[in-house]
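Undergrad: Got a structure for you, written out below as C-alpha cells; questions coming shortly.
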Amino acid sequence: MATSNPAFIPDGTPDDFDPETCPKKLPLTGAGFPPKPPDYSPTATMTTEKKQPPRDKWSKDIEFLLSCIALSVGLGNVWRFPFTALENGGGAFVIPYLIVLLLVGRPIYYLEMLIGQFSSRGCIDVYDASPAMRGIGYGQTYSTFIVMTYYSSLMGVTMRYLVASFGDPLPWSECKDSWNATCIDSRLAVNMVEGDNATKVSSAELYFVNDVLKEADSIDDGIGSPDWRLALCLLIPWTCICLTLVKGIKSSGKVAYFLAIFPYVVMLVLLIRACTLEGAGAGMLYFIKPQWDRIFEAKVWYAAVTQVFFSLTVCFGNVIMYSSYNRFSNNVYRDVTIVSIMDTCTSMLAGLIVFGVIGHLAHVTDAPDLSKVVRGGAGLAFITYPDAIAKFQFWPQFFAVAFFLMLFVLGIGSNVGMATTIMTVVRDRFPHLKPSLVAFVIAIIGFSIGIIYTTPGGQYLLDFLDFYGASFVALVLAVFEMITFAWIYGVGRICRDIEFMLGIQTGLYWRICWGFVTPVMLAAILIYHVATYKALTFNGYVYTNGMYAFGWCVFAAGVLQLPAWALYAVLKRKEATWQDRIASCFKPTHDWGPEDPELNAKYHESVYKYEQTVPAGRSLGRKMIDNVFH
C-alpha cells in the first residue's frame, strides 16, 4: 500500500488510500478479521499533515464554567427572552420554552460540550467525525458572525444609556415637548392624565425611539445616516472585545469571574423594586399563567426553540469552541447541569422583572391589554427596565448606572464568546497568524458592519437579519447537527466516547433525547414552521419584495454551506467508485479522537476491539435502536 500511514483505522479511510494498489479493504465486522490487530501506536494513528500546535487550555475548570455562564447567561436572557415571551402570549410561551429546554436545549448543550472536549476541535474541525457534514460548522460560524454584529450594536445602545444615566434628572424620566405625543413621565408612580382617551406612551419609550435611535417610520427611502453618538458608543464594546481576544482564552477565563457574577446582584435589586410597583402582580401573573389556546400555535413553539438556541447559545458553535479548550477529563456533566439551571433561572428572573414593570405601566395607562402596553422587539429591554429605574425615589442615577453596566457586562460576555468562535475558526485554519492581528481584523469588520445598526433604519435590519440570518439558519443546521452526531456518528459511539473520556455510563434520558426526541422535535418544528411561514414584519411595517429576496439570499448563504462542503469532501476523496467516496465521507477521519497522541492510540484500539464484537448484516432500524439502548 502506497501510504504514509501503514495502520488500518477501522473508522475511516486514510486520505492517501490508493484503491489501485490496495483494492481489497479489510472487513470491519463479522467474519474475516485480520489475525493480528492493526498498529495503533501514536505515530501510526496521528498524521503530520494536520498536526497543530498544542491547544491552549483553561487555567482552571471553574474558569470554563464561569465563561459558559457568561456566554449563555447574557442578552439572550435579559433582552431577548422577555420580548419573545411578550410577543407570544406570556405564559403561553413559558410552557413550550421549558419543554423545549428539557428535551432539546439541555441534550444539545451536553452533546456539544462532550464533542468539543473529547476532540479538542473547534466548531468546524469537530466535523472530522463526519467530513461530509463540515458545512454545518461553516454555516453556524456564519450565523454567529451575524449575531455578533448586531449584539455589539445593542451594546452600543447600552453604552449610550450608561453615559446618559449620570444625568439629573434621568433624561428618559420626563416628557419633552419636542416628542409631540401624549406622554406620561416614567418617574411617576400614578396616572396623572385620568380621563384622556388618547394613546398614552411612557417617556422611556419615546426617549428610546426619538432620542436614542431617531427611528424612521419606514425604510422605503433607505436606512439613513449613522448617528455619531451611537457610532462612538459602538467603538467602546469593540475595543473591550478586541483587547480580550488578544490576551487569549486564559484572559477570557479571568474576566469571566466578573462577567458571570456581577449581573445577578443588579437583577435581584431590580426584582425587589419591580415587586413594589403598583399593578406589577398582574404583569407577573400574565407572564406565568398559560393561555392554553395559544400553546398549540406553531409560531410559539418555533419561538421557544430559537429562544433556547439564543439563551443557551447552542447550535452556533460557541459551546463546542469553549469546551475544546478543556482538559480531557473535565466533568462536563456537572457543568451542563449548573449552566442550564442558571440560564433558566436568569430567564425567568428577567421575565418577572420586565412583566412586573409592564403590569405597572398597564395600571398607569389604564391599558386593558398587557401585550400592547409597550412595543416589542429589541427595544423592550431599553424601555421597561429604564422605566422601572426612573421610579426609584432614592438615587435613581446609581441604579441606572448599575443596570446598564450590568447589561454591558452581559453583552461583553456573550460577544467575547462569539468573537472567540470566529477567531478559533480562523486560527485553526491559519495557525501562523498572530492572535493580535486576527483580533484586530475581527474588531474592525464587526465595527464596520455594526455601523449599519446605528442608522434610523437600523432596527428594521436588526429584526430582519435576526430572522433570516440567525434564527432560521440555526434551526435548519441544528436538525442536521443532530442527524450527524446521533444517527451518522451514532449515539452508541458517543456514549462509548463518554465512558472512555469520563469513565461514566450515559443515562437513558440522554440516549433517548439524542437518538429520537431531540432530532424529531427539531425536524417537526422546522417543517411546520416552513409550512406556515408568513412574511416577516416589524412593528406593522411590511418589507419590500426586494428586501425579502435579500433575506432569502442571506438564509441561503448559511444553509447552502452544507451541500457545498459535502460536495467538496466527496470530490477530495481518492476511492475508485463514487459509492465508496460518498461512504468514506460519512466516517470519522483516521486521526479523529483525543488530541493527545497516546490517548488517541488507546481510543482507536478500543474502537477496533468494539467493532470486532458487532454482528454483521444488521438493518438500519436495528442499528439505530442498538445505538440508543446498547
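Glycine residues also receive a Cβ, built from the backbone N, Cα and C atoms like all the rest.
Note that this is a predicted model, so its numbers are computed, not measured.
Okay, so TrEMBL annotates it like this:
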type	residues	note
REGION	1-55	region 'Disordered'
TRANSMEM	62-79	transmembrane segment
BINDING	VAL73, ASN77, SER311, LEU410, SER414	Na(+) binding site
TRANSMEM	91-111	transmembrane segment
TRANSMEM	142-163	transmembrane segment
DISULFID	CYS175-CYS183	disulfide bond
TRANSMEM	228-246	transmembrane segment
TRANSMEM	258-288	transmembrane segment
TRANSMEM	300-324	transmembrane segment
TRANSMEM	336-362	transmembrane segment
TRANSMEM	398-425	transmembrane segment
TRANSMEM	437-455	transmembrane segment
TRANSMEM	467-488	transmembrane segment
TRANSMEM	508-529	transmembrane segment
TRANSMEM	549-571	transmembrane segment
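So where do these features actually land, and what's packed around them?
TA: All protein chains shown were included, and the count of other CB atoms within 10 Å of the CB of LEU410 (Na(+) binding site) stands at 27.
The list of residues near the transmembrane segment (91-111) in space but at least 6 beyond its ends in sequence, with Cβ under 8 angstroms from a Cβ of it, reads 84-85, 286-295, 297, 300-301, 303-305, 307-309, 311-312, 314-315, 319, 332-333, 336, 339-340, 344, 347-348, 351, 478, 481-482, 485, 494, 510, 513-514, 517-518, 521-522.
Sequence-distant neighbours of the transmembrane segment (142-163) (same chain, 6+ residues past either end, Cβ-Cβ under 8 Å): 75, 79, 212-213, 229-231, 233-234, 236-238, 241, 310, 316-318, 378, 382, 386, 400-401, 404-405, 407-408, 411-412, 414-415, 418-419, 421-422, 446-447, 449-450, 453-454, 458, 462, 465-466, 469-470, 473-474, 477, 554, 557-558, 561.
For CYS175 (disulfide bond), other Cβ atoms within 10 Å of its Cβ number 18.
Within its own chain, the transmembrane segment (437-455) is flanked in space by residues 148-150, 152-153, 156, 223-227, 230-231, 234-235, 238-239, 241-242, 245-246, 419, 422-423, 426-427, 461-462, which lie at least six positions past its ends and keep a Cβ under 8 Å from the stretch.
Beyond the ends of the transmembrane segment (508-529), by six or more residues, the same chain brings 100, 103-104, 106-108, 110-111, 298-299, 301-302, 305, 475-476, 478-479, 482-483, 485-487, 491, 494-495, 624, 627-629 to within a C-beta distance below 8 angstroms of the stretch.
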Undergrad: Provide, as an integer number of angstrom, the distance between the C-alpha atoms of LEU410 (Na(+) binding site) and CYS183 (disulfide bond).
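TA: Rounded to a whole number, the Cα-Cα distance is 31 Å.
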Undergrad: How big is the Cα-to-Cα gap, in Å, between ASN77 (Na(+) binding site) and CYS175 (disulfide bond)?
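TA: The separation of the Cα atoms works out to 29 Å.
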Undergrad: What count of other C-beta atoms do you get within 10 angstroms of the C-beta of ASN77 (Na(+) binding site), across all chains shown?
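TA: By my count, 28.
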Undergrad: Report, in whole Å, the straight Cα-to-Cα distance of SER311 (Na(+) binding site) from CYS183 (disulfide bond).
TA: 34
Undergrad: Among all chains shown, work out which of the binding-site residues SER311, SER414 has the most CB atoms within 10 A of its CB.
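TA: Selected residue: SER414.
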Undergrad: Which residues of the chain, 6 or more past the ends of the transmembrane segment (398-425), have a CB below 8 A from one of its CBs?
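TA: Same-chain contacts beyond the flanks: 67, 70-71, 73-79, 122-124, 137, 141, 144-145, 147-148, 151-152, 154-155, 158-159, 161-162, 165-166, 170, 237, 240-241, 244-245, 249, 252, 255-256, 258-260, 262-263, 265-267, 269-270, 273, 313, 316-318, 321-322, 324, 381, 385-386, 389, 392, 435, 438-439, 442-443, 446.
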Undergrad: Pairs 6 or more apart in sequence, C-beta under 8 angstroms, 3 or more of them: is that satisfied by the transmembrane segment (258-288) and the transmembrane segment (549-571)?
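TA: In this chain the transmembrane segment (258-288) does not contact the transmembrane segment (549-571) - fewer than 3 Cβ pairs sit under 8 Å.
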Undergrad: Across all protein chains in the structure, which of the recorded positions VAL73, CYS183 has the highest Cβ count within 10 Å?
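TA: The residue with the densest Cβ neighbourhood is VAL73.
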Undergrad: About how far apart, in whole Å, are the alpha carbons (Cα) of VAL73 (Na(+) binding site) and CYS175 (disulfide bond)?
TA: 34
